[in-house]
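As recorded in Swiss-Prot:
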{"type": "BINDING", "residues": "ARG86, GLY124, THR125, ARG126", "note": "phosphate binding site"}
Amino acid sequence: MRPSGRNNDQLRNLKVTHNFTKHAEGSVLIEFGDTKVICTASVVAGVPKFKKDSGEGWLTAEYGMLPRSTHTRMDREAARGKQSGRTQEIQRLIGRALRASVDLTAIGENTIKVDCDVIQADGGTRTASITGASLAIADAIEYMKQNGILDEQANPLLSQVAAISVGIYNNEPVLDLDYDEDSNAETDMNVVMNSNGGIIEIQGTAEGKDFSEEEFAKMLGLAKKGIKEIFATVF
């Protein structure tokens with residue numbers, strides 16, 4: 001039995017609020033159960049130096065957690081003077097996943113800057129960030145079309161992207177782990193897929209106990225099922 005009482009293949013309650021903030025070109029509040037993340041996509045003219053005069057745009061992502069998004073308060077990383085390795089790893093994951101969904105040549109020499117800010121954490125913050133950011137990017141691209149930054153016929157989105165966590169909890173594969181499950185899981189895996197059914201990234205780690213190829217296949221099957229439900233629900 002899962003602590004939440006959910007079935008092994010059951011997602012948490014999923015809710016998306018578009019235009020959650022008024023300044024960003026795209027903004028979404030995404031909620032997976034008690035995990036809540038604000039995802040914004042900001043459009044900035046110009047590109048980094050390594051993209052200058054390439055005719056291509058760029059997309060980058062930042063990730064952070066509010067000090068009391070967790071059970072006990074943690075210091076802001078800005079106050080500590082540097083980002084943790086975990087934060088840097090998650091930012092890179094989010095950026096890779098989202099760049100796989102956008103035709104950078106189609107946005108011209110513009111940059112889309114994604115910010116994912118966790119306001120409440122209960123497991124699955126990185127996967128929620130990817131899903132919410134994909135929705136925010138779609139809204140930002142629509143803004144670019146409506147405001148003459150892009151031609152109305154432009155279609156920079158190659159696909160949408162969603163992500164979910166799966167794992168082995170009490171010797172059983174489960175979908176969409178909350179904090180209680182994640183902190184006690186024998187295996188934790190994050191899966192990122194696009195709306196065409198393609199796999200973008202898989203991160204899987206055994207926590208003190210290995211997992212079999214059969215268990216891996218079961219977890220991947222759960223992830224595919226969950227992501228399909230996410231696309232059907234919020235995209």
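Cβ atoms here come from the backbone N, Cα and C positions, even for glycine.
The Cβ of ARG86 (phosphate binding site) has 11 other Cβ atoms within 10 Å, all protein chains considered. Among the record's phosphate binders, ARG86, GLY124, THR125, ARG126, no two C-alpha atoms are more than 14 Å apart, and one pair sits at exactly that spread. Over all protein chains present, the Cβ of THR125 (phosphate binding site) has 22 other Cβ atoms lying within 10 Å. Around ARG126 (phosphate binding site), the same-chain residues six or more apart in sequence whose CB sits under 8 Å from its CB are TYR63, ILE90, LEU93, ILE94, ALA163, ASN190, listed in sequence order.
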